[in-house]
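A.B. asks: Straight out of TrEMBL:
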type	residues	note
COMPBIAS	9-18	compositional bias 'Polar residues'
COMPBIAS	19-34	compositional bias 'Basic and acidic residues'
DOMAIN	76-507	domain 'Major facilitator superfamily (MFS) profile'
REGION	1-43	region 'Disordered'
TRANSMEM	74-91	transmembrane segment
TRANSMEM	111-131	transmembrane segment
TRANSMEM	143-162	transmembrane segment
TRANSMEM	168-193	transmembrane segment
TRANSMEM	205-225	transmembrane segment
TRANSMEM	231-251	transmembrane segment
TRANSMEM	300-323	transmembrane segment
TRANSMEM	343-364	transmembrane segment
TRANSMEM	385-408	transmembrane segment
TRANSMEM	414-439	transmembrane segment
TRANSMEM	446-468	transmembrane segment
TRANSMEM	480-502	transmembrane segment
Amino acid sequence: MASEKELTNQEPETSRNTSHVDEAIFTKDVERQSNDAGDMDDTAEKAALEDPNVVNWDVDDPENPMNWPSSKKIGVIAVVAFITMLSPFASTMSASATPLIMDDFHSTNETLGAFVTSVYILGYAFGPLAWAPLSELYGRMPIYNICNILFLIFSIACAVANNLGALIAFRFFAGIAASCAITISSGTVADLYPVEKRGKAMSSMILGPLFGPAVGPVAGGYLAQAKGWRWTFWLVTILAGAACIISFVFNRETYAYVLLKKKTARLQKETGNTELRSALDTGRTPQQLFKTAIVRPIRMLVLSPIVFLMSLVMAAVYGYLYLLLTTYPRVFGSQYDFSEKSIALVYLGVGVGSLLGLVFTGAISDRLLNHLAKRYNGGKPKPEYRLPTMLVGTILVPVGLFLYGWAAERKVHWIAPVIGTAILGGAMMTTFMPGLTYLIDAYTTYAASVSAAATVFRSLVGALLPLAGNAMYDSLGVGWGNSLLGFVAVACIPVPLFFWIYGERLRTSKRLSNVQF
């Protein structure tokens, strides 16, 4: 391998006609056999051995994010986790204040009221298509910082909106900006941790999308009652400003493609050897790479049954979450005569359940992966070893839906449907976290893109399904309405079982392994 010391003493060599290594696929062999980050580094290492002008990481290179001290990794994860939590927190901050918003703008349209919340999630469906490829071209840091600033601007715009149309438009653009953290945070985790240590780090990123939406309405409900609905957006603005400062000061670039590019430029300057090139250099222009990368999430959804089916299950879970959050005022207001402040507290059921699900999943995810690896595969982890945990979640989702729906329908004591929502919150976390981690493990080279694919799918469902919530309850009632959702959830239970049995075969099959994403 061309180490840094060797390169410093190396004379410039003439340019040679060598094949370059794509930032997403180092070689066709790697693409066919494995997407594990360690395997990819080995391939780049071989390329460096064959050509002394190829710059790669040294074995214990301190510039390699995988070799950073734990304290530095945790610092980056903490910053990104805060931004990732803020994004979904803001998505429902105004949910319990919707009646006040509609009164202020003199509207009685329930569907439009739900859209004030869900249009933000619609922004999640569009933003990832740009943020994921941009982060794979220019690095994570610039995209985080740009999106933080845009989110701050549109949060201010929401707070001062003077009509309902403007508020909905600004919420949409705020959602596009906020989708950045949801999309590329999983890429940051993949940059920092090998597969066997990735589960715990991923848990901090998954907490935001599922716990944040449950906590937002509680804070928003009380704040709106005390200070008015606009203060729900002013609070988000204050937190967005804090996120901008924290990210600028404490966040660090983790993407190997960008870091190796900088290392190569530094070594070229130090050695005078202009033939040096990064092991991840493709020889293609940023425009060419962007054109390829921007369609990659959609190609992955369409061409990979693994990405499609896993994203479908996560989309269903995500859609259920936002449908429930936007219909709580109706259900608990009409069935239990709760006040707006009391309804705000109901959201804590999902929040507590999500937190318990996080603790459970985070505690066993990596442990179970390593146990199964030692037992069945000589200590080498497989992505499929994440799936037993997911199976538990998919079984509990319909349990929570049935309990919530029929307890509320029969007007059983209010604690019963709240327990149902807590079970649902825990089940969502236990489904969502292993599902996304499985995709990241299976497609490590495309971590940001596969996360974007899942985000686009679930965000469309999360934005549109709540719009049907009130109409569904009007037609079927709370009991049968949630039972309908529960029956769909039951149909999702076989998915983790299917990939437990056939997942590896699909990933390594000749037809799918030759697909160029």
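Using the three backbone atoms N, Cα and C, a Cβ is placed for every residue, glycine included.
In the displayed structure, how are the listed features positioned relative to their neighbours?
C.D. replies: Residues of the same chain lying 6 or more positions beyond the ends of the transmembrane segment (143-162) and with a Cβ under 8 Å from any Cβ of it are 80, 83, 87, 90, 127, 131, 134-135, 170-171, 173-174, 176-178, 180-181, 184, 230-231, 233-234, 236-237, 240-241, 243-244, 247-248, 251.
Packing against the transmembrane segment (168-193) from elsewhere in the chain are residues 37, 65-66, 68, 73, 76-77, 80-81, 83-84, 86-88, 90-91, 115-116, 119-124, 126-128, 131-132, 135-136, 140, 143-144, 147-148, 150-151, 154-155, 157-158, 161, 201-202, 205, 208-209, 254-256, 436, 440, 444, 447-448, 451-452, 455, 459: each is 6 or more residues past its ends and has a CB under 8 Å from a CB in it.
Listed as Cβ neighbours of the transmembrane segment (343-364) (distance under 8 Å, sequence separation of 6 or more from its ends, same chain) are residues 92, 96, 199-200, 203, 206-207, 210-211, 213-218, 220-222, 321, 324-325, 328-329, 332-333, 389, 393, 400, 414, 418-430, 433-434.
Residues 199, 313, 317, 320, 324, 331-332, 335-336, 353, 357, 361, 364-365, 368-369, 372-373, 416-417, 419-435, 437-438, 441, 478-483, 485-487, 489-490, 492-493, 495-497, 499-500, 503 of the same chain sit 6 or more residues outside the transmembrane segment (385-408) yet have a Cβ under 8 Å from a Cβ within it.
A Cβ distance under 8 Å defines the sequence-distant neighbours of the transmembrane segment (414-439), meaning residues of its chain 6+ beyond its ends; these are 186, 198-199, 202-203, 206-207, 209-211, 214, 306-307, 310-311, 313-314, 317-318, 320-321, 324, 331-332, 336, 338, 346, 349-354, 356-358, 360-362, 365, 383-384, 386-387, 389-390, 392-397, 399-405, 407-408, 450-451, 454, 496, 499.
Long-range Cβ contacts of the transmembrane segment (446-468) within its own chain (Cβ-Cβ under 8 Å, at least 6 residues beyond either end) map to 24, 35, 111, 114-115, 117-126, 128-129, 131-133, 135-136, 179, 182-187, 189-191, 293, 296-298, 300-301, 307, 310-312, 314-323, 325-327, 435-436, 439-440, 517.
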A.B. asks: Using a Cβ distance cut-off of under 8 Å, indicate which of 74-91, 111-131, 231-251, 300-323, 480-502 has the most pairs with the transmembrane segment (205-225).
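C.D. replies: Looking only at 74-91, 111-131, 231-251, 300-323, 480-502, the most contacts with the transmembrane segment (205-225) come from 74-91.
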A.B. asks: What stretch, picked from 111-131, 231-251, 300-323, 480-502, has the most CB pairs under 8 A with the transmembrane segment (74-91)?
C.D. replies: 231-251
A.B. asks: May I ask for the residues of the chain that lie six or more residues beyond the transmembrane segment (231-251) and have a Cβ under 8 Å from a Cβ within it?
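C.D. replies: Here the qualifying positions are 75-76, 79-80, 82-83, 86, 89-90, 93-94, 97, 141, 144-145, 148-149, 151-152, 155-156, 158-159, 219-220, 223-224.
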